[in-house]
Amino acid sequence: MDQFTLNVIVVGLSFALYIGIAIWARAGSTSEFYAAGRGVNPVVNGMATAADWMSAASFISMAGLIAFVGYNNSTYLMGWTGGYVLMAMLLAPYLRKFGKYTVPEFVGDRYYSQTARVVAVICLLVISITYVIGQMTGAGVAFSRFLEVSSTTGLFIASAVVFVYAVLGGMKGITYTQVAQYIVLIVAYTIPAVFISLQLTGNPIPGLGLFSTHTGTGEPLLVTLNGLLTDLGFTEYTTGSSPWLMALFTLSLMIGTAGLPHVIIRFFTVPKVADARWSAGWALVFIALLYLTAPAVGAMARLNIMTTMWPEGVEGEAVATEDLPNWFQTWSVTGLLGVEDKNGDGRIQYYNETGPGMAELAAERGWAGNELVTFNRDILVLANPEIAQLPGWVIALIAAGGLAAALSTAAGLLLAISSAISHDLIKSVFNPNISEKAELMWARVSMAGAIVLATYLGLNPPGFAAQVVALAFGLAAATLFPTLMMGIFSKRMNSAGAIWGMIVGLVVTSVYLFTYLGWFFIPGTNMLENTAANYLFGIPPTHFGPIGAVLNFAVAYFVSKATAAPPKEIQDLVESVRIPRGAGAALSK
Amino acid sequence: MAQKPDNNAYWSANLRLVTICLVIWAVVSYGLAILLRPLISGIAVGGTDLGFWFAQQGSILVFLVLIFFYAWRMNKLDKEHGVDEQ
């Protein structure tokens with residue numbers, strides 16, 4: 001059986017499974033559509049949260065991000081896991097106790113203000129829509145790479161599948177498909193990683209293999225890697241730079257993670273407050289299975305590439321063009337890898353032209369520049385099974401895993417978007433007397449509308465794929481996180497404070513990003529060049545989230561000091577959110 | 001909500017626990033893995049230093065322990081202060 005047929009079979013089976021689950025888990029009420037009827041087991045919810053959270057970026061790109069930079073990009077590992085500590089202790093249990101369906105609903109009720117509700121809806125929509133674009137394009141690309149369809153066709157297939165289970169099942173359908181998607185993606189990620197770790201270190205656990213002895217050289221794996229890299233003019237894998245910026249970026253990712261509405265609403269699905277606490281722990285267990293493996297995949301894949309390009313070591317000859325492994329040819333076709341024999345010696349020299357002393361070394365050895373001219377970081381995960389010489393079905397599994405990662409996150413985001421529209425705008429603002437049945441219908445219509453919008457934006461991405469994520473995290477950190485946290489931890493915080501805090505966080509963070517990345521990310525409209533010399537206090541736009549959060553907290557504090565305290569019943573509401581007793585009452589609603 | 005004073009004691013106990021957990025959270029990730037890494041660079045781990053291990057494995061493991069410890073401790077506090085869900 002050829003690889004294409006295998007890919008179609010494995011991906012087709014996984015899709016049939018998702019649709020089967022959707023039919024089994026149809027939503028019959030708004031409670032089921034928004035919160036899966038609050039009947040989800042905390043371990044199951046943890047697994048669904050892990051799939052909800054881990055996007056195409058985690059699955060496909062993160063190992064590559066770490067591999068090409070090394071220590072400094074540990075920020076992604078810590079930032080995207082450490083946010084769960086904040087969520088588990090500062091938000092999730094209390095919001096579950098509040099017992100409603102959406103994040104803007106808490107903001108609107110707690111701050112007794114429709115304005116606060118609408119501002120929260122706007123923040124949610126900006127965060128979730130920017131985030132979903134990346135998922136849809138990611139799914140389209142995964143399709144086109146593995147299933148030999150155009151990425152446009154791929155995007156339509158992906159949208160159609162999400163449409164079926166999200167519109168039909170709402171949160172209930174999404175929860176159980178996310179569980180299936182988690183299993184697909186973690187198996188796909190782990191199998192090649194285990195084999196590569198065995199080949200390089202003899203240790204079957206990649207996270208341990210990373211710190212083990214390399215069987216080829218008898219030295220620790222990281223020492224071998226550092227040696228090869230520095231000999232070829234690259235920076236050392238384990239050495240870092242600018243620790244304060246690293247810390248700031250990690251903080252930005254952590255606060256942003258804790259403030260993402262599509263993750264927060266997952267904790268509304270468990271039966272009890274105590275379950276919400278456990279569930280956050282389980283979510284991190286399932287996330288950690290991938291996140292502890294990713295840095296090992298990164299380092300090992302990088303080492304594999306180096307030894308493939310320099311089979312005799314750096315002192316010997318580079319790899320001959322005809323000796324390049326098969327996966328090299330396969331992936332060259334996709335444009336993710338590209339070689340160019342600049343000096344015409346029939347060999348491919350891979351090194352860092354701008355590294356210290358490399359110009360002299362190149363002149364001495366007759367190199368005419370780096371000849372591995374294209375090297376996309378996503379290749380490290382995508383080609384992993386081929387690098388480890390694993391059978392075709394593992395390659396097919398990577399295709400299914402990448403799609404599972406993209407689709408599960410997209411579905412979670414779409415639910416956050418549609419529930420904000422149907423529940424917070426249509427029901428709470430425009431038509432409070434709407435019947436449950438009509439609201440459920442509107443929830444489905446909003447979901448369908450959100451999918452159409454996401455598909456459109458996926459087909460016509462505004463040309464800022466990489467920056468989009470920075471915007472989503474920066475805004476989640478600067479708007480929703482502080483507002484939610486103050487709503488729980490400060491009884492004195494009033495509506496004026498919360499509203500102005502959110503607005504200042506939203507506007508200042510957006511303007512700071514737009515200043516360097518272009519207004520609404522339209523290239524050429526940026527007012528300052530995106531270089532370190534122009535940054536305010538040296539803070540890059542991607543690191544701005546915590547600053548926005550501090551501004552939000554500060555503005556909220558001073559505005560609320562200057563205005564009247566919230567009414568008694570709101571203070572009682574805060575009291576009741578703080579204690580778990582009585583959470584069951586929300587079930588009947 | 002009859003047991004008002006009890007709720008206050010419960011809430012301060014919660015805040016104390018959260019504070020302790022978040023101090024550990026910050027020390028491990030921002031401290032040992034990043035800013036304090038030079039201080040512990042003498043401790044070798046698998047070809048590199050302890051700070052690198054904390055950055056790529058250790059802090060995630062500590063986060064896990066923290067959340068489970070918090071959940072266990074809070075669920076116990078709920079019962080001690082009579083505010084658990086029946």
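For all residues, glycine too, the Cβ spot is worked out from N, Cα and C.
Residues or ranges marked as transmembrane segment by TrEMBL: A:6-25 (among others).
Sequence-distant contacts of the transmembrane segment (A:46-71), counting only residues of its own chain at least 6 positions beyond either end whose CB sits under 8 Å from a CB of the stretch, comprise 40, 77, 80, 131, 134-135, 138-139, 142, 174-176, 178-179, 181-183, 185, 189, 235-240, 257, 262-263, 266-267, 269, 278-287, 290-291, 294-295, 297-299, 301-302, 376-382, 401-402, 404-406, 408-409, 411-412, 469. The annotation transmembrane segment is assigned in TrEMBL to A:46-71 (among others).
Feature annotation from TrEMBL assigns transmembrane segment to A:77-95 (among others).
When Cβ-Cβ distances below 8 Å are used as the criterion, the transmembrane segment (A:116-134) is approached by residues 55-57, 103-105, 107-108, 260-262, 409-410, 413-414, 416-417, 420-421, 424-425, 428-429, 450, 453-454, 457-458, 461-462, 465, 468-469, 471-472, 475-476, 479-480, 483, 495, 498-499, 502-503, 506 of the same chain, each at least six residues removed from its ends. Positions annotated as transmembrane segment by TrEMBL: A:116-134 (among others).
With a cut-off of 8 Å between Cβ atoms, the residues of this chain six or more beyond the transmembrane segment (A:180-200) that come close are 14, 17-18, 21, 47-48, 50-51, 54, 59, 206, 209-210, 214-216, 221, 286, 289-290, 293, 296-297, 300-301, 303-304, 381, 384-385, 387-388, 390, 394, 397-398, 400-402, 404-405, 407-408. Marked as transmembrane segment by TrEMBL: A:180-200 (among others).
Annotation source TrEMBL lists transmembrane segment at A:244-268 (among others).
The transmembrane segment annotation in TrEMBL covers A:280-301 (among others). The list of residues near the transmembrane segment (A:280-301) in space but at least 6 beyond its ends in sequence, with Cβ under 8 angstroms from a Cβ of it, reads 42-43, 45-47, 49-50, 53-54, 58-59, 62-67, 70, 74, 77, 80-81, 84, 87-88, 92, 182, 185-186, 189-190, 192-193, 196-197, 200, 206-207, 209-210, 221-222, 225, 237, 266-267, 380-381, 384, 387.
Among the features that TrEMBL reports, transmembrane segment is placed at A:393-421 (among others). If you look at the transmembrane segment (A:393-421), the same-chain residues 6 or more away from its ends with a CB under 8 A from one of its CBs are 3, 6-7, 9-11, 13-14, 18, 33-34, 51-56, 58-60, 101-104, 121, 124-125, 128-129, 131-132, 135-136, 138-139, 142-143, 145-147, 158, 161-162, 165-166, 170-171, 174, 177-178, 180-182, 184-189, 191-192, 261-263, 265-266, 381-382, 384-386, 442-443, 446-447, 449-451, 454.
The transmembrane segment feature in TrEMBL is assigned to A:441-459 (among others).
According to TrEMBL, the transmembrane segment annotation covers A:465-486 (among others).
Marked as transmembrane segment by TrEMBL: A:498-522 (among others).
Feature annotation from TrEMBL assigns transmembrane segment to A:542-559 (among others).
Remote same-chain residues near the transmembrane segment (A:498-522) are listed as 107, 110-111, 113, 115-116, 119-120, 122-123, 126, 462-464, 467-468, 470-471, 474-475, 477-480, 482-483, 486-487, 528-530, 534-536, 540-541, 544-545, 547-549, 551-553, 555-556, 559-560 (criterion: CB distance under 8 Å, separation of at least six residues from the stretch ends). Contact between the transmembrane segment (A:542-559) and the transmembrane segment (A:244-268) holds: at least three of their C-beta pairs are under 8 Å, each pair 6 or more apart in sequence.
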